[in-house]
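Below is one structure, written out as structure tokens; the observations come after it.
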């Protein structure tokens, strides 16, 4: 997304060979050959890295000019429209031409340097180049003249993203660079110049990936003023409260001008600033004036930073389509400014890169301030809090989270089965399309919900296209593992209770795959026809079941409990039978309706009570722990501002700005229906025609499930609405609440407060909203109320004892941040269903519950249906009995360990990540916060690990040889622990530690 809306201009023209194929760097072949010869003759063709950085001038103010383009992987145009340069009526932007033009300009002058970031675009461009051009680019990279920063597939959002998906997309991009350029192309610096606020977990992940620092453009306007005054625009971010420093320490720099050029110095074809006119005979001569202005600008900017180095970003959104206009003027500026040194100037200007600038800061050997909180929420003005996008486009946010779940299942089965998953009886299975689509969705205008509508539709299209090849892969893998070639069917619409196969079949099988490293109990819910059903487990034992009718759709749903082994599957058979079957009658529970004045649902652990007059949730009791807490839950809506006397700022895709502090109730009461069976008890609440909820309690469950359905939000009254679910309790919380950071570590939040500066709160609601990726909770030190989410949402505690989460929003006015559309979400995006999981526990025992429950929700079991009675997979074993149950692990993982990644890496290698999912000191009831040691030998059942190499988090460097720059901080010096010797039989994980391995494997013949 752009820092500002710039005037449109004309881009560079295209050029093609006689065959119609694009020629290298848009240059005639003779010119390319000539420039290539110059490149080969250029001195200093050394390995890339800090040693290729340009010389600076000691004793002078060195101004590092960073030529760059910021290429959104979708925003106003789709990814393909941006790459090819289509629909320039929406935005002048063609990434293929930018890269062509930049390479040409770099070849023309050896001092020039350029930075590129988005591998989603660069990899596509790279594969379209000739061998000759590729060799030219490799040499530019080796010389440090073309530098990659960040290196992920995209520049991911930091508020609406889950850490697992962040790691995956960074791994995808960095692997492309490693495979293409080796260590020469390895980024040293993270470059998050456009995301709208910055999470602590993101910094921790960057540090664990081996980055030496991060630079970004956006921080809160109040924070920035304070930092400039204190000269704390650069600092060391201590990004984990669990990992021993400096493992998660990351040098952090705030750029002086967001990420655009200084005012008056934008020389792109999209800009209107005058070029450098250095001919004194011209009436347009301005060189002397520009030099004077630049010297004043550099000196003023330098006052806010601690060293004799400062940085200026020379570029912005989709700039450098005609790179010559930029570089020609920068060449002149550098020459003219440096000539003033003969007249006593102490300013030295040079082409540089983020890594080279960081290198000079490190060599300054200063003591740097330390930050331990995060950079949320972000505001660029008193009434301009970028907290709306935490909740924008909730349907897309859920689709992204479901796709992450499905991708992990796909990756795991591909890893467990090996090549037979890719080529088998169902065709060619491939995890790459979904992996790439998921990477694209992490972009800061994708999962954030801040693109135009047609772009959001295209993001969903990419995900849907990625599911298909994974479904083929799953079919191949499951056929091999089960020994039966079934007609596997995948119901993608189970979230809205639609599955034509289960709704029309009299007899079928349900294969339940569990991606967790531990066995799981799960209640299976499938839409069916009315009737009774006989369920058999893998051992042919009858399983209890019930059919519940949904009031929202009228479709009955079949429920039965499934027990599934770790990293494996169980196959259940379902048969529709007559009411006369005695076996069915004994195992089938009929729903019962109750007219008791006390409206409540209960199991062996919990009782939830509802107010008899309003139908709203009013009380939760934890029976075995004797905890009771009044909890009032209802839906409310904020009236979205369209601007007022204080500010013209409206609520929009990015900005949350309610017109008043207190929301309106959606309804003061709910019409209710009570359903009780042996397996589940439910209260169906209907608030309005567009807002309903089912409060559900399964047998054996320690949490309450609230399944809400909202939309389409009515706006006939011309009021935009932002819908929240709010939980009110009498807990005395002192303005404090807690939210997760990208689904991982938890941060304390305090109402109307920032740890880093004294806040002037100008928006009492929006200024207290924070991103919630997986959980939010309040506690009085004795009891803790936790709400888990099924997607990223905005959340807060607007009064003591209260929690709220924004579930949906529909707005009638654009917020002026460049999208140019109101967030209306026509069609299916306007109707959204989701779930909140409510946990009440003692503060001491709460972490053990919410950590493990969040893992189960993120990596939920995958249901695959089949008619049954398929032919044998093995041609030479016609009599073989199909396998009804399977586990990919010979022993379960401990509760504190999560299998973060199990995926194919190469023809005979796998990528394996194991993480400790508890924070330091978080759990004392079950000792789940202690270090844990694993034996990887003989752990997996379908393959044997023959060699194990440990890498950094993104798997692009061996851990033993990876090193990062060292920084001195204002906090006591830190000892740097040595890398432990790798012993596959003894892998120890410290709290919140992730360890990454590339494993050479040999698959078993009959896995």
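Yeah, the Cβs are placed from backbone N, Cα and C, and that goes for glycine too.
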Swiss-Prot Zn(2+) site partner of 70, 72, 194, selected from 348, 383, 428, 444: 444
Rounded Cα separation (Å) that holds between residue 72 (Zn(2+) binding site) and residue 491 (disulfide bond): 33
Length of the line joining the Cα atoms of residue 927 (N-linked glycosylation site) and residue 131 (N-linked glycosylation site), in Å: 57
Spatial neighbour of residue 356 (disulfide bond) that is closest, considering only the recorded positions 70, 271, 410 and their CA atoms: 70
Sequence-distant neighbours of residue 470 (disulfide bond) in its chain (C-beta under 8 A, six or more apart): 406, 407, 409, 410, 429, 430, 431, 433, 434
Minimum Cα separation from residue 194 (active site, nucleophile), reported as the residue among recorded positions 53, 131, 266, 444, 499 that achieves it: 444
DSSP-derived structure type at residue 491 (disulfide bond), helix or strand or else coil: coil
Local Cβ density at residue 540 (N-linked glycosylation site) - other Cβ atoms counted within 10 Å: 8
Using Cα positions only, nearest of the recorded positions to residue 686 (N-linked glycosylation site) (266, 271, 343, 444): 444
Chain-internal residues, separated by at least six, CB under 8 A from residue 499 (disulfide bond): 491, 493, 526, 527, 865
